[in-house]
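S.K.: Take a look at this one; I'll ask things after.
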Amino acid sequence: MRAHTGNAEVQRWTVALAAAGVCGAVVAVMRAHAGTADVQQRAAWAVANLCDAHPTNRTAFANAGVSEPLVAAMHTHAGNADVQQQAAWAVANLCVAHPANRTAFANAGVSKPLVAAMRAHAENADVQQQAARAVANLCAAHPANRTAFADAGVSEPLVAAMRAHGENAEVQARVAQAVANLCAAHPANRTAFADAGVSEPLVAAMHTHAENAEVQQQAARAVAYLCDAHPANSTALVDAGVCELLVAAMSGHAGNAEVQRWTTQAVASLCFGNPANRTALADAGVCEVLVAAMRAHAGNAEVQLCAAGAVAYL
């Protein structure tokens, strides 16, 4: 189902299952067989698939109370990588564009078992990818979850995931997305990531996956939020070589509006109140690519807004 979002027949059966009350049935099974790992894994897999690109099912599962048994499964089967991966995938899909589910999972205490999963299965790329997706989606426009994850110590395992899975583009993109969402309007998380040493693996991700637009976009978002009114992060990222890589991303993905939007926002954040960074970016050739972005995306208000901010701070 995840691979067939464009297949009308698959989606028709998804709708039919929902109408038949499958959401409540799946939640009931999870509650009744909480100690059986295989049941929990397959039930979480079902939740993830039913909620992929399906807002109605996300709400149906919310109404059925899915958050508590999913969190319980993560607690009960902490050593089972398959359960952790599928549960994290389910959480991630349930929380896409669904604030009520983010709050429900916050109330169910999802942050601690999710962080524990990342620590316990640090070498498992699938667990790391889905857990990072879940963190990113839970923290999107949700200050309480950002703080809960901060309290659970999420910064260290996220940075560790970037280091351990440097060649895996999906892990890098999802971790960078999680870093960005955690740091938006949250100064304490910016400092926590600074202390965890985020700058070097983040810059390494941009270097290793220079051709991957999604990695570049999410990494630039992370840079933008990490450096927002945070001089220590700005200096650390520049020392790690971020200026050249931002310019390379702007040049290499000139036609991608989202890459241009977030790289220009990152430039603005790096330059705010930091003359040395302005010089470093100028030396890296940012002026030319910044003007090119404004010309290429003249009709895109977000790109123009971020680019104007970058010009102002440069």
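Placed from the backbone N, Cα and C atoms, the Cβ positions cover glycine too.
Reproduced below are the annotations present in TrEMBL:
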type	residues	note
REPEAT	65-109	repeat 'ARM'
DOMAIN	159-308	domain 'LRRK2 ARM repeat'
S.K.: Any residues 6+ beyond the ends of the repeat 'ARM' (65-109) with a Cβ under 8 Å from its own?
M.R.: 23, 26-27, 30-31, 34-35, 37, 40-45, 47-48, 51-52, 55, 58-59, 116-117, 120-121, 124, 126-127, 130-131, 133-134, 136-138, 140-142, 144-145, 148
S.K.: Within the repeat 'ARM' (65-109) only, compute the mean pLDDT.
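M.R.: On average, pLDDT over the repeat 'ARM' (65-109) sits at 99.
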